[in-house]
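K.L.:
Input: one structure, supplied below.
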Amino acid sequence: MAVIPVELAGRSYEVRVGEGLLQDAATHCGALLRKDRVPIVTDANVAAQWQDTLSASLAAAGKQPRWLVLDPGESAKSWQGLQRVTDWLLAEEVERGDHVLALGGGVIGDLVGFACSMLKRGCGFIQLPTTLLAQVDSSVGGKTAINTAAGKNLIGAFHQPSLVLADLGALATLPARELRAGYAEVLKYGVLGDAGFFDWCLENGADVIGGDVRAQAYAVESSVAAKARIVAQDERETSGTRALLNLGHTFGHALEAETGFSDRLLHGEAVALGMVLAARYSARIGNLSLEDAARVTQAVDAAGLPSEISALGIDSGGEALVAHMLHDKKMDAGTLPFVLLRSIGEAYLDREVALSDVAAFMGEQLQAH
Ligand SMILES: NC(=O)c1ccc[n+]([C@@H]2O[C@H](COP(=O)([O-])OP(=O)(O)OC[C@H]3O[C@@H](n4cnc5c(N)ncnc54)[C@H](O)[C@@H]3O)[C@@H](O)[C@H]2O)c1
Ligand SMILES: O=C(O)C(=O)C[C@@H](O)[C@H](O)[C@H](O)COP(=O)(O)O
Ligand SMILES: [Zn+2]
């Protein structure tokens with residue numbers, strides 16, 4: 001098992017990565033579970049695979065698991081989903097000093113984390129991420145949120161978990177499309193800040209997606225270490241450092257909004273497309289070589305992820321996509337800083353981007369090929 005600390009003043013916690021962590025969850029959580037009753041929120045797909053394992057672990061420690069099982073999918077990250085979770089936590093008489101377990105992907109982690117940030121003005125929670133995306137990204141760093149009609153993650157809070165248990169065994173039951181989508185966020189760490197890791201991804205990405213546990217362990221541990229370093233420097237995304245983790249997301253979130261936050265385009269797929277767009281736009285304004293932009297596209301293609309927005313069947317034009325971007329949380333007094341690239345492994349925040357030029361670029365990309 002690898003243990004990666006997330007160092008935050010007064011709120012440090014560990015991310016434990018390994019096999020069999022759900023079987024041993026009660027031991028790992030230890031005194032964080034201070035009462036006999038343990039509230040757990042998950043979705044139906046995850047419950048079908050992992051509810052018995054977690055229940056057995058808790059029962060063996062003399063605990064009574066209490067389950068809320070939600071419908072799977074991005075639509076749970078909504079006002080209705082939030083109300084369902086908070087009402088249930090209140091009915092379960094969860095107190096501020098208790099810990100709620102969030103068992104699932106990024107949807108469950110973001111939703112439950114947000115509910116816990118508000119419950120009685122803040123109770124504890126533990127992330128038990130079961131998707132590759134959640135293990136490498138969403139369970140770490142404390143961003144929690146729901147979506148609204150206006151856009152992605154627009155209502156949320158920073159609320160750090162007390163512990164993250166990333167059980168690599170959970171990835172064995174994950175559908176191939178979801179594994180691939182999570183891999184986009186792995187590749188992101190290479191593209192934004194680590195050319196060596198990008199090269200590792202090119203060589204080993206197929207093994208990660210193919211289910212090789214050693215490759216998955218390296219991918220998860222490296223990604224979590226990279227994220228933990230950045231979050232420790234800039235927990236609340238105020239200095240510009242953490243904003244680099246948003247590489248591909250301004251484009252990607254606009255595509256998710258335009259496709260209705262639906263199965264048509266998963267978050268990881270949107271991030272893959274967004275990274276390609278960020279690389280191509282960086283090349284267009286002369287800040288990235290055409291060769292490096294092409295390498296980002298190749299890495300996305302090699303993983304079987306989408307790389308051309310023209311294939312999405314979006315009827316609207318570049319202006320409509322830019323209209324979604326105006327809701328981006330990086331928007332600052334009329335300026336939208338974009339995460340762009342100088343090279344593979346060197347992302348930067350560009351505050352000089354003209355949205356009219358982005359609209360023209362997106363219009364071209366929607367027509368291309
Ligand atoms: N907070 C953050 O820092 C952060 C970072 C990245 C993404 N996100 C958010 O995460 C969300 C996407 O998360 P996701 O990709 O994990 O999607 P998800 O939570 O919807 O899970 C994907 C699918 O896999 C199923 N599933 C999960 N684990 C499984 C398992 N082990 N076996 C079988 N099926 C399983 C789920 O039921 C779901 O159908 C988005 O809303 C995105 O905005 C947040
Ligand atoms: O942790 C971060 O910071 C990230 O940006 C990670 C992203 O992968 C994640 O999708 C995040 O939720 C996007 O942040 P947002 O602030 O644009 O909602
Ligand atoms: Zn993301």
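Note: Cβ is positioned from N, Cα and C throughout, glycine not excepted.
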K.L.:
In TrEMBL, HIS249, HIS267 are given as binding Zn(2+), so which of GLU185, GLU319, GLU346 is in that site too?
P.N.:
GLU185
K.L.:
If I take the Cα of ILE108 (NAD(+) binding site) as reference, which of the binding-site residues GLU185, HIS249, HIS267 has the closest Cα?
P.N.:
HIS267
K.L.:
So which of GLY106, ASP110, THR131, HIS249, listed as binding-site residues, have a Cβ under 6 Å from an atom of ligand 2?
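P.N.:
Cβ < 6 Å from ligand 2, in sequence order: HIS249.
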K.L.:
Averaged over the domain '3-dehydroquinate synthase N-terminal' (69-180), what pLDDT does the prediction give?
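P.N.:
It averages 98.
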K.L.:
Distance check, please: Cα of HIS267 (Zn(2+) binding site) against Cα of GLY106 (NAD(+) binding site), rounded to an integer number of angstrom.
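P.N.:
Cα-Cα distance, HIS267 (Zn(2+) binding site) to GLY106 (NAD(+) binding site): 9 Å.
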K.L.:
Neighbourhood of the Zn(2+) site (GLU185, HIS249, HIS267): other residues with Cβ within 8 Å of the Cβ centroid, in order?
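P.N.:
Those within range, site residues removed, are LEU133, ASP137, ALA184, LYS188, GLY248, GLY252, GLY268, ALA270, VAL271, GLY274.
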